[in-house]
Each structure stands twice: as C-alpha cells, then as structure tokens.
Amino acid sequence: MNLKMAPSGTTRTKRYRRFNSRALAIPRFCIQRMMLKPLVWSLTSVRVQSESDVNKMPLPFIVVANHASHLDTPLVIGALPRRLSRYLAAGAAADYFFEVRWRKWLTSLVFNTFPVDRTGNRSHSGVSRELLRRGVPLLIFPEGGRSASGRIGSFKPGAAALAITCDVPCLPVAIVGAHEAMPRGKNWPVRGRPPIVVSIGSPVRAEPDETAGAFTQRLAEEIRRLHARSDSSGDSNSRVVRGDQMTAVKHMKWWGWGDEGVSFEYRNKPEFAPFVQKAVGLDVTTPPVPPLSFDELEVPAPRIGEQLQEQLTDILGAEHVHTDKMSRVVHTLGKGIRDLLRIRSSDLNRCPDVVVYPADEEQVRLVVEAAVEADAVVIPFGGGSNISGSLEPPPEEQRVVISLDLGRMNQVLEIDENSGLARIQAGAQGPDLERALAARGWTIGHFPDSFAHSTLGGWIATRSSGMQSDKYGDIADIVRGLRLVRSGGTVALRPLPSTSTGPSIREMILGSEGRLGVITEATVNVHRIPPVRKVLAYLFPSWDAGLAAMREISESDASPSVTRVSDAPETAFSFATRTASKGLKSASTKALTKVLTMRGWDLDQLCLSFIGYEGSESHVKYEKKLVKRIVSKHGGMYIGEGPGALYDQKKFDTPYIRDFLLDRGAAADVSETAAPWSKLRHLYDTTMAAAHSAYDDLGVRGWIMCHLSHSYHSGACLYFTFAFVHGDEPLKQYDHVKSAIQQAFIDAGGTLSHHHAVGVEHAPWLTDDISEEGVSLMRGLFESADPRRNFNPDKIIPRS
Ligand SMILES: Cc1cc2nc3c(=O)[nH]c(=O)nc-3n(C[C@H](O)[C@H](O)[C@H](O)COP(=O)(O)OP(=O)(O)OC[C@H]3O[C@@H](n4cnc5c(N)ncnc54)[C@H](O)[C@@H]3O)c2cc1C
C-alpha cells in the first residue's frame with residue numbers, strides 16, 4: 001500500500017478500527033494489567049501520585065509525558081485507571097516500530113500504538129487527528145525520543161498543535177526515575193527495585209488563540225514542575241539522589257530556592273513585566289545576570305582534625321561524613337534574602353567543617369557525644385529553608401563545626417489510628433511524610449509555603465505554621481510528643497493530649513532552633529483526609545472590609561482551613577502573575593470588571609480573598625453558606641473556584657520569583673507578624689508607612705504588599721512582602737528596610753515573627769517582644785542546658 005495515498009472510506013475505517021475494537025481491548029487488557037504491570041511494578045518500586053481526579057477526565061484527551069526509558073509507556077498505562085487506558089493509543093516512532101512487521105504487530109497489540117513521523121516524512125500525517133476524532137485517547141512523548149541523560153529535553157509542538165486543532169485537553173504526566181531504572185540501551189531494569197514516581201497533573205487546555213508554541217511551553221513547564229516536585233517528594237528512596245551527586249540526601253540549589261532546573265517564567269504572564277516596571281522600576285526583559293559559578297565561590301578550608309573525623313567515620317561510615325565544598329556550602333545558610341545575596345557574592349564567613357548524615361537516633365547520640373567531648377559545635381540541619389539566619393555558624397567560631405543533617409531519618413514510624421497520632425522521624429520533608437500518611441488515609445495538615453523542602457524537625461525547631469493552620473493548628477499545636485538528643489541524655493516526651501506537668505518542656509523545645517539539642521522524632525496529630533477540599537475565591541471592595549470579614553469568619557460557626565485576604569497591592573500583584581487570558585476567560589474577566597464598576601467599586605482597591613473548606617460534603621456546604629453570608633455583609637462577592645484552585649496548585653511555586661528578581665538586580669523578601677484583631681489595621685498602616693519611609697531614605701522606588709493569613713480567636717498573622725531594585729550595597733539597603741518593618745511590628749503591638757522564628761535576623765527585637773526578664777529566663781535555660789555552647793550557638797540570644 002502506498003502510505004502517502006489518502007485511504008478510501010472503507011480502507012480508512014478498517015485502518016482505524018483496531019484502535020477502539022472491543023475484541024482487541026480484552027487481550028490488551030490481559031497483557032497490560034495481568035502481565036506487564038505486575039512485572040514492571042515488581043522489578044521497580046513505582047509510586048503513582050495524582051494532583052487531579054483523573055476519573056473525571058473527559059474522553060478523548062492526550063497524555064503528554066517526558067520520555068527517558070522504554071518503561072515509560074507501561075508506566076503511564078499502568079498508572080491510569082482502566083477507563084482511560086482501555087483504548088489509549090501510544091505514539092510510537094514510525095521509522096522504528098512500524099518498519100518491521102513483527103514489531104509493529106506486537107506493539108500494536110500491547111500498546112495500541114499509532115505511528116508518529118520523526119524523520120520529516122509525513123506519510124502518517126492525520127492519523128492522530130483521526131484517532132482523536134474517533135474518541136481514542138493518545139499518549140505522546142513530545143520530546144520525540146528517549147532522553148539519553150534522563151533530563152527533560154525540549155518539547156516538539158506536535159502534541160500541543162494536535163490538542164488545539166482537535167480541541168481536546170492534555171493530561172501532563174511526569175515520570176521520575178525511569179531513566180535510572182532502565183536507561184536507553186538497556187532492556188531490563190537495574191536490580192534492587194529502583195524507585196519510580198509517576199506524577200499525574202491536572203488536565204490542561206489551550207487557551208483560545210494560544211499558539212502551539214506557547215501551549216507547548218506551558219505543557220513543558222507543567223511537566224517540569226511535576227517532575228521537580230516528585231523528585232523532591234519521594235520517600236527514603238526518591239530523596240536519594242541518583243548518579244553524580246555527592247550526598248545521599250537531596251538538597252535545594254546551592255544558590256537559590258528549590259530544585260535545579262525549575263525557575264519562574266514571566267513570558268506567559270503578559271501583565272507581569274509592566275507591573276514590575278511600575279512597582280519598582282525594573283525592566284524584567286533585560287538579560288539576567290546569573291549567580292557566580294560554584295567554582296568561583298570562595299570557601300574556607302575545613303578545620304576538622306583527624307581524630308574527630310575518624311570517630312565520626314567509625315560511627316557513620318565514610319559515605320556519611322562529608323567535607324567536600326558542595327556539602328559544606330549547602331549546609332552553611334538558609335534561604336532568606338540575606339543568605340541568597342551573600343552566597344551570590346561569595347560572602348561566606350564560616351562554613352561547617354564537616355557534614356554528617358546519621359541513620360537513626362543511636363547514631364545521633366554517638367555523634368553528639370563525640371562532638372561534645374571534642375568541644376565541637378553541632379548544628380542540626382533539616383531542609384535548610386529557614387529565613388532567619390538559624391543555621392549559620394558564628395563567624396568567629398574557632399571550634400570544629402558539624403552540620404548534622406537529618407535527611408536519612410525520614411520515615412513515618414507508626415500510626416496510632418485510634419488516637420489520630422503518627423510517630424515520624426525528624427528529617428522527613430513535607431512530601432515524604434504526607435505521602436506515607438496519605439497511603440493510609442491520613443494527613444498532618446501542615447503545609448507551609450516551604451513544604452516541599454522543609455522537615456518536621458525544622459518545623460518544630462522554628463515554630464512553623466502552615467497555610468491550613470486555621471483548621472489543623474500551628475506545629476506547636478500539632479506536635480504532641482517528641483524526642484530530643486542532648487549532651488548526656490535524651491529527653492523523651494510521650495504523646496499526650498494535654499498535661500499539667502509544670503512549665504512545658506515541649507514548649508521549650510518548640511522554637512529552640514537547635515540550641516537545646518537534636519530532635520530525632522515527634523509524635524504528631526494526624527487527621528483523616530477529608531472527602532472534600534476546596535479553596536474558593538472572593539473579592540472585597542476594600543482592605544477594611546476584607547479584614548472585618550476575616551475576623552467575623554473566625555468567630556463564626558464556620559471553621560475554614562484557610563482564611564486569607566490580600567490588600568490591594570497584593571491583589572494587583574496576583575492579577576499580574578496570571579497567565580494570558582483570552583476568549584471565555586478574558587470575557588468573564590471583562591464581565592466581572594463591568595459588574596464591579598456598576599457596583600461602584602474602586603478597582604484599584606480590590607482585595608482578593610481565599611477561603612479553604614475541608615470536610616464532608618454537607619459540612620463544607622454549611623460552611624460555604626455561612627461564609628457567603630459574612631462576605632456579603634461586608635460588601636464582598638464570591639468569584640468562583642477557578643482562582644482558588646489555581647492558588648492551591650501554584651502556591652509552592654511562588655518562592656522561585658525571588659531568584660528571578662535577584663538575577664535582575666532586585667531584592668524581595670518577607671516579614672510577618674501576629675497581633676490582636678484590634679491592632680491589625682494600625683499595625684498595617686504603621687508598617688506600610690515605615691517601609692515607604694525606609695525606601696525614601698534609600699532613594700529607591702520600593703514595593704510592599706500584605707495579606708492576612710492564619711486567623712485565631714484573638715487575632716491574626718499579617719504577612720508582608722517587600723521588594724526594591726538594590727544598588728551596590730544590597731545587604732545594607734535590605735537591613736534598612738527590614739529593620740524599619742520589624743520595628744513597626746513591635747511599635748504597633750505585634751510580635752517579631754509569627755512563624756519564621758528568631759535566628760539571628762530577628763534577635764535584636766527579642767527583648768521588646770518578651771521583656772528583659774523573659775530574655776533572662778530564656779538565657780538561663782540555654783546556659784544551663786548547654787553550658788559550653790556546643791549546640792547551634794548564638795541563635796535566638798546572641799552571646800552577651
Ligand atoms: C520561600 C519560603 C517560604 C516559607 N514559608 C514558610 C511558611 O509558610 N511557614 C513557615 O512556618 N515557615 C516558612 N518558611 C520558613 C522555613 O521553611 C521554616 O522555618 C521551616 O520550618 C524550616 O525547616 P527546615 O527543615 O528547612 O529547617 P532548617 O532551615 O534546616 O533549620 C531551621 C532551624 O531549625 C533547626 N533544626 C532543624 N532540624 C532540627 C532538628 N531535627 N532538631 C533540632 N533543631 C533542628 C536548625 O538548627 C535551625 O536552627 C519559608 C521559607 C522560605 C524560604
């Protein structure tokens with residue numbers, strides 16, 4: 001048959017019949033589900049995670065996935081529910097799979113393959129379109145072939161163009177670990193059941209008028225995001241870095257936030273560049289100046305003596321004792337703007353001399369004993385995400401500094417289902433523990449913005465708060481029991497719902513930032529995963545209206561998981577980070593604008609609010625009704641699920657903006673506080689005025705915006721984000737603005753920080769916050785617990 005000839009009607013029907021033939025679907029199902037899936041799943045350790053309810057996926061659709069291994073097709077098929085995989089047709093290279101008769105027959109039988117032209121020969125053009133027209137869902141790997149390195153390559157626009165032409169959604173899927181399990185050139189997985197994650201995103205449709213190029217880029221971004229998240233969200237296995245890195249535990253970029261290869265993209269957000277130009281006078285289209293290269297970084301040589309190094313090696317094994325430059329650099333600082341500015345200018349005063357990775361509490365105890373005996377300094381390390389200078393060794397420290405990384409201690413040890421308690425090792429990062437809990441139907445409900453890269457031990461040591469704290473509480477409420485290894489012994493606090501055993505030792509350890517010892521595990525409250533979880537969006541005509549509504553919601557019978565309202569500047573920022581809206585979306589934006597204008601709202605004063613609901617269907621319905629009444633009473637209006645769902649999906653990606661701005665000469669950071677309801681508005685005004693006056697002192701056009709989050713009976717947290725284009729002395733300029741903001745908090749009746757701890761950054765305001773006598777009590781605690789200052793010295797209370 002001449003393939004280039006258009007097939008006649010009957011030939012055409014015959015040619016496509018096999019793709020949705022019920023008769024062929026039965027043997028295919030048997031092969032896929034009874035042979036292939038058990039085989040792949042037994043030779044590797046596969047975890048499937050999904051951000052959306054794929055059962056609701058309309059047919060047909062196109063699965064787009066990254067491609068690095070022959071395992072990918074069975075993995076995707078095995079990960080999807082039967083309704084979606086039954087007729088799923090996998091794209092296969094026409095020049096390879098369709099040239100040889102037996103190969104064509106076999107792959108068609110097993111994977112329902114259809115030919116994809118890679119060679120420029122368009123002999124199969126139109127096949128995929130016709131399949132979609134006939135309702136057959138497709139699997140396409142837009143890279144056009146398997147990646148040799150395992151890294152995601154560039155995407156060809158075919159899949160996106162097809163989705164646009166046929167008006168079908170794409171389902172993005174990231175496959176993590178398949179390359180390591182069975183790279184190109186291998187036909188059988190490596191031994192030891194290597195970990196693989198199949199991460200399924202939410203369906204994505206092309207916007208009206210979106211070009212294939214732009215849609216391709218959006219899909220690629222989404223797959224990279226899913227990939228990065230799964231890569232950092234694994235269990236003990238998936239946190240293990242494969243290949244070329246030196247440590248067995250995964251860390252963030254040494255120079256910035258999050259995963260290497262993931263960054264903020266502004267080009268698909270048309271309002272972002274003009275917004276930034278107006279806000280701080282920065283042209284984001286000017287070419288970025290990337291941070292210096294790692295080789296250029298000047299790092300002081302390690303000072304550890306042979307004897308201590310040998311002792312540590314004896315305890316942990318040589319592979320868990322690191323003195324290389326990269327290990328020491330990533331354990332030196334946190335991720336505050338000060339840390340980022342310093343690392344970008346190679347301003348590292350003192351790095352840890354050695355990084356150790358204990359496997360269990362006994363090894364922690366032995367390391368602590370050896371360190372204290374050698375009068376060394378021990379700095380516990382969780383995810384390295386703090387922003388208050390909580391990790392940095394004192395610049396003048398002459399003793400050996402040991403960074404004790406808990407990354408290998410990341411297991412959920414036990415769930416007491418009767419009590420709703422889980423015992424978890426301190427080094428478990430957010431995704432580690434949530435996934436392990438979710439597998440048994442539970443959640444801890446603690447989701448700080450840094451969730452993907454911070455640990456249970458770090459949360460406890462900094463008194464962290466997650467965005468669903470209104471329902472689940474702050475970490476201080478969540479932690480019921482814990483174990484802390486200190487010099488000479490282990491503090492063991494049993495999990496108790498409440499107790500009256502004198503001043504609370506548990507409370508003393510909460511927020512101790514490593515100064516009292518090393519937290520090795522904690523027993524925390526966990527909750528059944530609620531059947532319904534929604535974040536809905538509302539608009540208020542003014543900040544006052546928004547604040548008043550949040551207060552009333554917190555007092556009402558509704559108990560939402562999230563109560564959040566942004567001031568007008570932050571609302572404008574949120575709108576500026578939207579992706580291009582065209583067609584229906586833009587029409588609904590226009591309609592909304594019209595309604596608001598007709599209502600007499602000042603569009604520059606709009607305040608966007610998100611309220612989160614969790615629970616049974618009827619409970620959520622009841623809460624929504626109560627909230628709606630309060631919102632209306634304060635002149636606000638409901639604007640739908642869309643913005644809330646988007647916020648929920650993108651909330652962990654926002655931190656990447658900081659590095660994007662730093663690359664372009666602007667510094668952005670956050671400061672947050674909590675105060676009683678009666679003081680919030682005054683605190684807000686005082687802080688805004690202080691920041692703008694600080695900008696005036698510097699002669700820069702600065703930006704500051706705020707949202708209310710974390711509501712309590714008596715007050716709430718106000719969270720400020722500020723940014724400006726810095727000059728030659730960025731740290732000095734930053735200090736000036738940051739100090740003005742912090743002082744305003746204290747002056748207006750707020751605390752120095754609601755959930756970012758003290759570290760060294762907030763220490764100057766400690767006396768104002770808790771009084772001279774309060775500081776004296778705390779100093780007494782640290783001095784008696786650690787007289788030789790072996791544990792993370794100078795944090796919270798600097799040496800006097
Ligand atoms: C972009 C961004 C967003 C953030 N969002 C939030 C947020 O929403 N909510 C929030 O609460 N925080 C937030 N933070 C701050 C930070 O993530 C928290 O302070 C977090 O709790 C730190 O955890 P970690 O595991 O990264 O700890 P690290 O940064 O590694 O350590 C922090 C401190 O805790 C000590 N420590 C760590 N582990 C232990 C242990 N096992 N035993 C004893 N001491 C220990 C360290 O010595 C150090 O003093 C954010 C930070 C960034 C950069």
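Numbering starts at 1 and runs along the chain as it is shown here.
Glycine residues also receive a Cβ, built from the backbone N, Cα and C atoms like all the rest.
TrEMBL lists TYR719 with the feature active site, proton donor/acceptor. Residues or ranges marked as FAD binding site by TrEMBL: 449-455, 462-465, 513-519. The substrate binding site feature in TrEMBL is assigned to ARG658. Annotation comment: TrEMBL describes 348-529 as domain 'FAD-binding PCMH-type'. What TrEMBL records for ARG564 is site 'Important for enzyme activity'.
Proximity of ARG564 (site 'Important for enzyme activity') to non-local residues of its own chain (separation of 6 or more, Cβ distance below 8 Å) is seen for MET467, MET550, SER609, PHE610, ILE611, HIS707, LEU708, SER709, given in sequence order. Taking the C-alpha positions, the distance from THR455 (FAD binding site) to the residue listed as 'active site, proton donor/acceptor' comes to 22 Å. Annotation for the binding-site residues THR455, SER464: lowest Cβ count within 10 Å of the residue's own Cβ, SER464. Each residue contributes its Cα atom, and for SER464 (FAD binding site) and ARG658 (substrate binding site) these two points are 21 Å apart. Residues ASP449, SER464, GLY514, taken from the recorded positions ASP449, SER464, GLY514, ARG564, are distinguished by a CB atom under 6 angstroms from ligand 1.
Straight-line distance linking the Cα atoms of ASP449 (FAD binding site) and the residue listed as 'active site, proton donor/acceptor', rounded to a whole number, equals 12 Å. Around the Cβ of ASP449 (FAD binding site), the number of neighbouring Cβ atoms within 10 Å comes to 16. Checking the recorded positions (ALA452, GLY514, GLY517, TYR719) against ARG658 (substrate binding site) with a 10 Å Cα-Cα cut-off leaves nothing.
When secondary structure is read from DSSP and collapsed to three states, the residue listed as 'substrate binding site' falls in the helix class. The Cβ neighbour count for GLY517 (FAD binding site), using a 10 Å radius over every protein chain in view, is 26. ARG564 (site 'Important for enzyme activity') falls within a strand when secondary structure is assigned with DSSP. The Cβ neighbour count for ALA452 (FAD binding site), using a 10 Å radius and every protein chain shown, is 24. Of all the binding-site residues listed here (ALA452, GLY514, GLY517), ALA452 has the Cα closest to the Cα of TYR719 (active site, proton donor/acceptor). Of all Cβ atoms in the shown protein chains, 24 besides its own fall within 10 Å of the Cβ of GLY514 (FAD binding site). DSSP assigns SER464 (FAD binding site) to coil in the three-state reduction, outside any helix or strand.
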